[in-house]
Amino acid sequence: MDSVSNVSVNEQGKFNDKEEGFSNLKSLKHVSHSETDFEVSNDEDNQLLELGYKPVFKREFSTWATFSFAFSISGLFATVVTTYSYPLISGGAPSAVWCWLIAGAGCMCIALSVAELVSAYPTSGGLYFTCKDLVPARSMPVVAWVVGWLNLLGQAAGVSSTDWSCAQLLLAAVSISTDLKYIPTNQHIVGVMAAVIVFHGLVNSLSTRWLDRITRFYATFHLIVLVVCMICLLAKCPKFNTGKYVFTDVQASSGWHPIGFSFLFGFLSVAWCMTDYDATAHIAEEIENAAVRAPNAIALALSITYVLGWVFNIVLAFTMGTDLDSLINSELGQPVAQIFYNVLGKKGSMAFTILSFIIINFTGITAMQANARTIWAFSRDQALPFSRYWYKINKTTTTPVIAVWLNVVFCIALNLIGLGSIEAIEAIFSVCAIALDWSYVIPIACKLIFGKRLNYKPGPWNLGWASHFVNAYAVCWTAFVSVIFLMPTVRPVTPQNMNYAVVVLAGVLLFSLVYWWSGARKSYIGPRINVDMESEDPFKTE
């Protein structure tokens with residue numbers, strides 16, 4: 001067994017000097033049980049040690065479960081169902097079809113760039129951790145701080161918006177069962193949303209073994225539902241729309257001019273569906289051969305989502321009829337649920353709306369699982385108020401249960417904005433896309449700018465010669481769409497339909513900066529090493 005070289009260590013295996021240990025971290029190789037107070041089980045844990053972290057999770061996610069997790073985070077079938085109103089309002093059927101194709105290409109560039117970095121740094125910190133090696137030392141703490149808070153906000157907004165959609169779909173199914181006699185209200189949606197988030201918190205309080213079992217069969221189930229739904233729509237549709245109507249007949253009802261500009265708001269559906277690319281990274285410490293399996297899962301899952309999502313949008317466009325107003329203003333609150341009702345009747349629409357609800361439940365579970373790991377990893381680096389509490393691992397389940405329930409409380413609070421108006425909740429969808437994508441492209445941009453100078457070493461999964469081109473397009477695309485996602489999607493603008501994404505973003509970032517300047521900057525040094533820090537043992541109880 002190799003020993004620790006070039007690092008000053010005392011008899012108890014503690015670094016004599018924090019800065020010396022940090023600067024010599026890359027010299028840390030395989031560490032034996034006799035040299036530290038924890039056991040190294042395999043090469044995966046040795047790699048984690050080289051990155052500076054104690055292995056504390058069990059690696060119980062199989063190859064299929066890892067792919068299924070990555071695929072579930074998009075919730076393709078259900079997320080298209082719940083966000084189809086955006087392209088319909090911005091440009092009708094052509095917006096749904098072409099926005100998916102165009103925006104999906106940009107999203108794929110982000111996903112592949114993220115997968116590349118996940119391979120190089122397979123830790124629960126995700127892209128936040130990469131700042132340690134991709135940003136010059138002087139700027140690293142503040143850049144890592146901003147990236148971490150953006151990722152945390154984006155993950156929370158992802159859970160909130162997913163579970164809001166979950167509540168909408170469940171109540172839409174109830175409405176269909178009453179032949180539209182029952183119409184959901186804001187208060188009903190908020191109440192069901194809170195119950196759904198609590199349920200997802202309970203599921204995520206289970207052990208990793210149970211989470212693996214729950215996740216494992218999801219991908220097969222999801223793909224079967226998607227294919228069967230498309231077949232049923234095509235088989236039962238009494239009259240298809242023309243190719244001209246589907247691909248070229250742009251009809252904008254957003255109030256924005258020119259129509260070409262209005263068309264761009266359809267990108268939000270794609271950006272919300274194809275995001276949270278690094279969710280798989282947040283369970284990297286629970287995956288065997290994570291440096292290969294995690295990026296493979298991200299790339300494959302997003303590629304399938306991109307292709308099948310485009311096909312599904314085309315099928316919906318051909319079968320939805322031509323009365324856009326009735327779809328957009330449907331009492332069900334979901335245009336696709338109305339399409340199901342029109343084409344498949346009461347029983348068929350109930351079946352696929354309920355299946356959408358089940359699928360997006362899985363998305364909510366995996367999104368919360370990823371966000372809990374984000375909170376845990378960020379707390380490990382002492383970047384949150386009261387980090388010592390959120391960093392605890394439950395000894396029975398070996399999962400961050402306290403972080404899960406912090407997530408539950410925050411996400412419910414975030415969704416209370418929906419009590420004001422249904423339109424106001426749009427801000428949470430926008431925040432999810434903007435915050436997450438910027439938490440990705442900042443490290444990607446740093447890799448482009450500083451990677452060569454800082455001797456960046458790619459992982460076993462990388463893009464080779466195409467890396468710089470894909471990375472650059474990902475950065476440019478994110479900068480472009482972020483401007484669109486901060487704007488109101490309809491005009492004239494009123495307090496009810498205003499896009500409050502900028503308020504949510506500014507509020508959370510302002511809090512993080514105040515916390516930074518009020519004292520965190522003195523103690524926060526960026527992603528920390530903890531290979532020998534007994535005081536940060538996540539299994540210790542208070």
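The backbone N, Cα and C atoms fix where each Cβ goes, and this holds for glycine too.
Small disclaimer: the values here were computed from a predicted structure and weren't measured.
Of the residues Asn361, Asn394, Swiss-Prot records the annotation N-linked glycosylation site for Asn394. A Cβ distance under 8 Å defines the sequence-distant neighbours of the transmembrane segment (402-422), meaning residues of its chain 6+ beyond its ends; these are 156-157, 159-160, 163-164, 186-187, 189-190, 193-194, 197-198, 200-201, 204-205, 333, 368, 371-373, 375-376, 379, 389-392, 394, 428, 496-497, 500, 504.
Comparison of 95-115, 188-208, 217-237, 255-275, 348-368 by number of C-beta pairs under 8 angstroms to the transmembrane segment (298-318) places 95-115 first.
Taking Cβ-Cβ distances under 8 Å and a sequence separation of 6 or more, the neighbours of Asn394 (N-linked glycosylation site) in its chain are Ser205, Pro400, Val401, Ile402. Sequence-distant contacts of the transmembrane segment (469-489), counting only residues of its own chain at least 6 positions beyond either end whose CB sits under 8 Å from a CB of the stretch, comprise 86, 89-90, 103, 106-107, 109-110, 112-113, 254, 264-265, 267-268, 271, 426, 430, 433-434, 437-438, 440-441, 444-445, 447-448, 463, 497-499, 501-502. A Cβ distance under 8 Å defines the sequence-distant neighbours of the transmembrane segment (217-237), meaning residues of its chain 6+ beyond its ends; these are 64, 67-69, 71-72, 75-77, 308, 311-312, 315-316, 318-319, 339-340, 343-344, 348, 352, 355, 359, 362. Panel annotation: around the transmembrane segment (188-208), residues 57-58, 60-61, 159-160, 163-164, 166-168, 170-171, 214, 286, 361, 364-365, 368-369, 372, 394, 396-399, 401, 404-405, 407-408, 411-412, 415-416, 418-419, 422 of the same chain, lying at least six beyond its termini, place a Cβ under 8 Å from a Cβ of the stretch.
Beyond its flanks by at least six residues, the transmembrane segment (255-275) meets 74-76, 79-80, 83-84, 86-87, 89-91, 94-96, 98-100, 102-104, 107-108, 111, 154, 158, 161, 302, 305-306, 309, 429-430, 432-433, 436-437, 481, 484-485, 487, 489-492 of its own chain at Cβ-Cβ distances under 8 Å. Long-range Cβ contacts of the transmembrane segment (95-115) within its own chain (Cβ-Cβ under 8 Å, at least 6 residues beyond either end) map to 84, 87-88, 127, 246-247, 250, 252, 263-267, 269-271, 274-275, 277-278, 281, 294-296, 298-299, 302-303, 306, 309-310, 313-314, 316-317, 437, 440-441, 444, 461, 463, 467, 470-471, 473-474, 477-478, 481.
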